[in-house]
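In TrEMBL this protein carries:
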DOMAIN    B:57-135  domain 'Membrane-bound transcription factor site-1 protease-like N-terminal'
DOMAIN    B:214-469  domain 'Peptidase S8/S53'
ACT_SITE  B:Asp223  active site, charge relay system
ACT_SITE  B:His254  active site, charge relay system
ACT_SITE  B:Ser419  active site, charge relay system
DOMAIN    B:490-621  domain 'MBTPS1 third'
DOMAIN    B:622-885  domain 'MBTPS1 fourth'
REGION    B:883-902  region 'Disordered'
TRANSMEM  B:1007-1027  transmembrane segment
REGION    B:1032-1063  region 'Disordered'
COMPBIAS  B:1032-1042  compositional bias 'Basic residues'
COMPBIAS  B:1047-1057  compositional bias 'Low complexity'
Amino acid sequence: MMVLRRLLRKRWVLGVVFGLSLIYFLTSTLKQEERTIRDRTLLEVRDSDHRIPWKVRFNLGNSSRQITQCRNSIQGKTLLTDELGEKRNRYSPPCCDDNTTAPRYWSMLMFRCFYCLTGYVCERKDLLVNGCCNVNAPSTRQYICKSCLANGCCSIYEYCVSCCLQPDKQPLLERFLNRAAEGFQNLFTAVEDHFELCLAKCRTSSQSVQHENTYRNPQAKYCYGESPPELLPV
Amino acid sequence: IKTFCSTRMYFIVLRHFFVVKDIFYSIKMHFIVLRHICLCHCLFALILKHCPLSVFPEYIVAFTGYFSAKARSLYISSALRSASGGALEWHIVPRENPASDFPSDFELVHIRQASPSSLLTLEDHPYIKRVTPQRKVFRSLKYIPSAPCNATRGTQKWQSWQSSRPFRRTSLSLGSGFWHATGRHSSRRLLRAIPRHVAQILQADVLWQMGHTGSGVKVAVFDTGLSEKHPHFKNVKERTNWTNEKTLDDGLGHGTFVAGVIASMRECQGFAPDSELHIFRVFTNNQVSYTSWFLDAFNYAILKKIDVLNLSIGGPDFMDHPFVDKVWELTANRVIMVSAIGNDGPLYGTLNNPADQMDVIGVGGIDFEDNIARFSSRGMTTWELPGGYGRVKPDIVTYGSGVRGSGMKEGCRSLSGTSVASPVVAGAVTLLASTVLNRELVNPASMKQALIASARRLPGVNMFEQGHGKLDLIRAYQILNSYRPQASLSPSYIDLTECPYMWPYCSQPIYYGGMPTIVNVTILNGMGVTGRIVDKPIWQPYLPQNGDHIDVAVSYSPVLWPWAGYLAVSISVAKKAASWEGIAQGHVMVTVASPAENDSEVGGELTSTVKLPIKVKIVPTPPRSKRVLWDQYHNLRYPPGYFPRDNLRMKNDPLDWNGDHIHTNFRDMYQHLRSMGYFVEVLGAPITCFDASQYGTLLMVDSEEEYFPEEITKLRRDVDNGLSLIVFSDWYNTSVMRKVKFYDENTRQWWMPDTGGANVPALNDLISVWGMAFSDGLYEGDFTLADHDMYYASGCSIARFPEDGIVIAKNLKDQGLEVLKQETAVVEGVPILGLYQTPSDGGGRIALYGDSNCIDDSHRQKDCFWLLDALLQYTSYSMTPPSLSHSHSRVAPPTGAERPLPQRLEGNHLYRYSKVLEAHLGDPKPRPLPACPHLSWAKPQPVNETAPSNLWKHQKLLSVDLDKVALPNMRAYRPQVRPLSPGESGAWDIPGGIMPGRYNQEVGQTIPVFAFLGAMVVLSFFVVQLTKAKSKPKRRKPRIKRPTYLQQQQQQTTTTTGKNPTV
C-alpha cells in the first residue's frame, strides 16, 4: 500500500500514465478518422455547392508511363476495347493534339511526347499478351462509334467504350461529371482516369431501366452520353 | 410469420416471410419485380428427442479426480479383482484421441457378464465416483419416426440453437475423421452436441494453420449493411449505401450475420478474417430493394475489382433482363458470385435468381445431420421450358440450418436459411482464393469447378436437391491448388439408371417412339471468360454395350460466355431397339477452345476435351394405353407475366411461378402416375407436333396459353382417331381478375392478371367442338366424392356438356362472391366433373375437371390422385368407374343456356408473353404456326470400348486425381479440433486459441508506432524534468530533503489511520 502510494506520487509514474492515455487517445481518434474516410454514402455528400473531388485525369500526359501493359474491357464475348497508349507528338494527328484535349496540361507537355488513349476495338483473338489490341490485325478499329446513336447510346458495349474514349467526347464527360453524376457519386468518385470513366459510364445502370425490370431501350442501352437511353414505347 | 409444425419431425419452423402481404385486398407486392431477400430468418427451435440406448456391455467408470491412464487402469483392476474373485472378463476400451495423453476423470471399460454386484464393488473403490452404462445417442431427425423413443428408458428434450444456455459438450468421437463419414452412416451420429461453428466444421482451421486466412481477397457483401464498430471485423475496407435510407448500418442483423460468417475474427469465427470486406447496403430495413440499386452497386463492385461477391438475396424473376445481364457482366469481370438458391422448398421449381444462373455458384442448405434443409429451394431451372429441360441446381449444398454468426451489435446468434448457406460458401471461396499462389487461375469457372468436383455426395438425395453434394473445403483446396485451366461438365456424366441421384431420369426408362429425353448439361470453362465448342460434339456409342441402340442429338451454346454454356443432350431409342430391353452406353466428346491470353502467339487458343459418359435403360415401347402425354407448351407462368395463383386462398403466394412441369410442382402427380405403371412424356411443342396414335391420353392441366387454329383441328382429328383428353381447368372470372389487379409502387405500374388460374376462354375454343365449355364461376369448398374427401380450391364449373356424358355436381361456396363482395353463398349442384365418350368409331374419351389444385404440389390441401387414376382408367381403357357413373351426385349435363360463356378480359396483355398470339390493331391474332422442333441426330462414331462400371467415380476434372492428391497433414492440426472437456468453455470461439495470419501482424504493425510515440512522450517528460532539476539545483538540496522524507515515513508508520500528507 505504502509503496503504491509512494509510487503514485512519483512524477515518472504519472508521466507513464499520461503517456499511455495519450497513446490511447491518439489511436482511437486516428482510427475513427480512418473509418470516416472509408465510409461513403451517396446521400451524405449531396450538398448543392459541394464540388466533387474528381480524381479523373483525362490525359495521362507524361512520358513516364510506358506501354507495357494495357487495361482492356475484360468482359467481352468476342470484342474488347483497350486503352493502348500511343506515343505521339502533340502536333501529330489525330490523337491528342486537337484543341479539345486538356489544354491545361499544355505548358507542361509543350516539348514532350506523350501517350494518349486510343480505344482500339479488336477481337479477342487479336489481343496481345500485354492486354493491348494488335493494331495490325485487319479487324482492329480505333475510336469506333459503330452502333452508337446520336444521343450517345450504343448497342454494343465495346463500341460505346471506344467511342467514349474519343478526345472530342471529353467535354461531354466533364460536363457529365460536374452535373449529371450527382446520383452516381459512389461510382464516379472512385474512377481514376478517362479509360475507367468510359468503362464505368458505358455500363447499364439505374438510368437504363424503366419499371425496374425492363430496359428503356434494349437495342441501345450502353450510353456514354449524359442522357439516359430514349424510352422505347412498349 | 408462418408456422409449420411437424410433430413427426419434432421441430418447429418459424419462417419470416418478409414479402408476405395480403395481395388481394391491400396489395403491395414487393417481390414481383424486386428481388426479395431470402433472408427468411427461419429460426429453428429445434427440439430433439434423444433415444439413448445402452451399448452393452460397456461402462463408463468415473473417478473422483483426474488420473493418468496407468493409474486409472490400476484402480479398476484392483477394484474388479475384489469382485467375483477376479473371474470377471474385462478390458479397458482404448480411446484414441488427442486427450488420451492427458489425465482423465473417466475410463471406458468393457465387462462381459457384468453382474450388478460387480458393478457395486467397482463403485466401492475410494477413487471411483460412479459407474454408468455407455450409451449411444441417436440424433437424426429422419431416424426418429421409425424408432419410437418411448421404448427406451428416458427421453431428453433439448432446445438447442436458440438456447440461452449453450451446450458445448461434445462426444469424444468428434474429430476430423467425422467429416469423411458422409455416404457411409447417414442415419446414425455419435454426436451429442454439434459444434456450431461452421468454419470449424468445414475444417477451415486446417487452412488457417497453413497461414491462409483470406488475406488479399476482396469480398463484397450485398446485404443490409454493417454497423461501423462491430467488434468481429477487423478489415472492413469500405461501406457503401445504395438504398434510399440514409444509413450504412444494419438495422436487421442479416447483413452483419452474413458478413460474420465470411469474415468474423472472434467469437463465432468466419472463414476468412483477413479478407478485405466491402459492405454494400442494397436492402433497406423495410426489406425493399430495387433492381436499379443493384445495377449501380454492381457497377461499383466491378470498378473496385471485387473478387468474391455474396448475394444472400434472390427472387423468382429470372426474366429481369437488366439484372440478369448485369450478373453476367459481373462474372465476366472475374467476380466470383455466390448466391442463395432460395427458401421456398420443399416444393420443386422454386429456384431463385441469380443463384440459378450458370455463371453463379448457387448454394442450397443442409442441416448438421446432412439432410437437405426443408426450406432449401430445389428442382430444375425453369428458364428452358417448355421446349427444353432445366439445368441442375443448386450447384452445391452446405450448412444452412442453425448456423452461428455475428449478432447485429455484438455476440453471436443462430440463423437458418439458404442466405446462411451462401456466405458459408462465399467465405470458403474467399479462403480458397487466398490459398492459390497464381491468382490468375482463380476465376468464377475454376472456383466452381473446384467446388463441385470436390463436393461430397449425400446419399439418397437427387441432384435437383443437392446438386453436386456437400461442400468439402479441404478437397476443394487440394483440387484448386493442382488446377490447370480446362473445361468441365455439370453433371459430369449421364446415368439414367442411377437412382435416386439421377431422379427423375432414373424413374422412367426410355423406349422407341417416346419424346427424346433431354439432359441439360452445363459446360464450365475455366480457360477463359469466352469460349466456343470446336467443330461439333462427337457421339461415340460403345458397341459392346449396345451403344448403337440409342440416337443422340446435341445442341449447345454458340459462345460459352461468361465462363459457361449449355450442352443439351437429347437421347432417343433407335428403331432397331423398338422391342429390345437392356442398357446402352456411350459417350459424347466435346472440345472447348478459348483464346489464350497469356500466349505470346497472337490468336493462340487453349483447348480442352471432355467426355460425357451416357448410360440409359431401354425398354420395349409400352402400349398406347399406358402412355400419357403432358402438355407443357400451353402452360405459362411468372415470370414474365402476372399469372395468378390457382388457389385464391393463398394470398401470400400470389403468383404461379413453379413452371407447372411434371418435374417441378406436379412432381407428386408424376410419381403417382409412374407408380401406377403409366409412362409420362412431356410435349414442349404445339399439339400439331406429336403422333397421337402413340398415346392414350393427352393431359392438359392448368393451361394459360392460347391455341393455334391448326392445333384445335388437329386435336379434334386425333380424338376422333382414339386419343383421349383429360383437362384440369381452373378459375377464370374477369371481375375477380380485375379485383386482383393492383398498383405496384415499385414498378409504378398496374399489374393486371393476363389470365385467371387457367385460360378458360382459350380452353373453351379447344373443346367447343364436342359441345363442352367451362364457366366463369368461381367455386370453393370441401366435399366427398366416391368416399374420398376432396377440396375444391378456386375452380370453375362445367357450363356445357354433351347430353350423353356423365356429369358430377357438388354443393360449393361461391368464392367469386366472397372475393368481390365479401359475402358467403352456397351454390347447389355445381357441375365439376364430366366424362364423355366421343361418338365416332374408335373415338377417344374426354374428361373435364374444374380445378387443378388437387394434383398440384403447391398449396395442395387434399390430393385427388385417385380421381386422376379413375379418369385415366376411363380415358385409356374405356372403363367407366362405377363410383362416378353411379354416383348420386350425377346430374343431367348442363346445356349452358342460362349464362354466357366467359370472354377474354378486355385489354389483357397475354400477347406479350404468349407464343401463340401477337399484337395486332384491335385484337391480338394468332401467329403463323411455328415449325415443329427438329433434332439433328449426331452421326455415331462407334468405338469398341467399355465404360467403367461406376460412372460416378469418373474423373470430374482432368489432371486432378483426388486419390493421388496428398492430403495436407491433418495430424498436426488435430489438437486444434480436440473436443472440450467439461467445464472448459469458449474454446470454440477462438479455435486453437490464436488466429494465425495478418491480424497479429497488423497489430504488430500498429503497436510499435504508438509504443514509439508513447515512449517519445515519456522521454520528453523526463528530459523536461531533468532540465528542470539541473536548472534549479539549489532549491532541492539533498541534505534537507532527506530528513523530510524520513520524517514523513515516520509519520506514516505512526499514524496508520491518518491521512497522508499531500506533497
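Note: Cβ is positioned from N, Cα and C throughout, glycine not excepted.
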Integer Cα-Cα distance in angstrom, B:Ser419 (active site, charge relay system) to B:His254 (active site, charge relay system): 9
Rounded inter-Cα distance in Å - B:His254 (active site, charge relay system), B:Asp223 (active site, charge relay system): 7
Cβ-Cβ neighbours of B:Ser419 (active site, charge relay system) (radius 10 Å): 32
For B:Asp223 (active site, charge relay system): intrachain residues, at least 6 apart, with Cβ closer than 8 Å: B:Asp250, B:His254, B:Gly255, B:Val258, B:Ala259, B:Ile279, B:Phe280, B:Arg281, B:Val282, B:Phe283, B:Asn310, B:Ser312, B:Ile313
Cβ contacts under 8 Å made by the region 'Disordered' (B:883-902) with residues that lie 6+ beyond its boundaries: 732-734, 760-761, 764, 773-776, 785-787, 798-803, 805-810, 829, 831, 833-835, 870, 874
Other CB atoms, at most 10 A from the CB of B:His254 (active site, charge relay system): 29
For the domain 'Membrane-bound transcription factor site-1 protease-like N-terminal' (B:57-135), mean pLDDT (0 to 100): 76
Residue distribution over DSSP helix, strand and coil in the domain 'MBTPS1 third' (B:490-621): 12 helix, 67 strand, 53 coil
Secondary structure content of the domain 'Membrane-bound transcription factor site-1 protease-like N-terminal' (B:57-135), with strand meaning DSSP E or B: 31 helix, 30 strand, 18 coil
